[in-house]
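S.K.: Found this in TrEMBL, in case it helps:
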- 20-145: domain 'Response regulatory' (DOMAIN)
- ASP78: 4-aspartylphosphate (MOD_RES)
Amino acid sequence: MESGFASSSKGFMENVDQPHVLAVDDSDIDRKLIEKLLKNFSCKVTTAENGPMALEFLGLGDHQNHSNISKVNLVITDYCMPGMTGYELLKKIKESSVMKEVPVVIMSSENIPNRINKCLEEGAQMFMLKPIKQSDIKQLRCHLMNCRS
């Protein structure tokens, strides 16, 4: 378990040598791609194939155990997934008193402005269009670490 968990979103990833990212996507290929891209930027990556699995990993599942909360610095999730959308996962994370400060990034292959705005209004840090590229991850990491580029 990571010990560098911060409770404030201000500078949330500053001084984190190896940010821990939870990548959520129902597509095995997309999960592997995101994982590879994040690891290229020295991120520790945990993957989940759906929203309920991600919530369970975060300690926010049906059997909530706040003493077993996983320390992640970022959640990146697909929007369209069966059972629970990325938007619903975002809402659950932002409703949690212990996880609400963790930045959440939504990915989608569909460029639907209404959907993008809804996610950003609900607290998503960023909305990225698939396919995700190395430059997207560089921008994401820089954005979350408050880089000046």
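Glycine too: its Cβ is placed from the backbone N, Cα and C atoms.
Bear in mind that TrEMBL entries carry predicted annotations, made automatically and left uncurated.
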S.K.: Run through the Cβ atoms and count how many others sit within 10 Å of the one on ASP78 (4-aspartylphosphate).
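M.R.: ASP78 (4-aspartylphosphate) is surrounded by 24 other Cβ atoms within 10 Å.
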S.K.: Any idea what the model's mean pLDDT is for the domain 'Response regulatory' (20-145)?
M.R.: 92
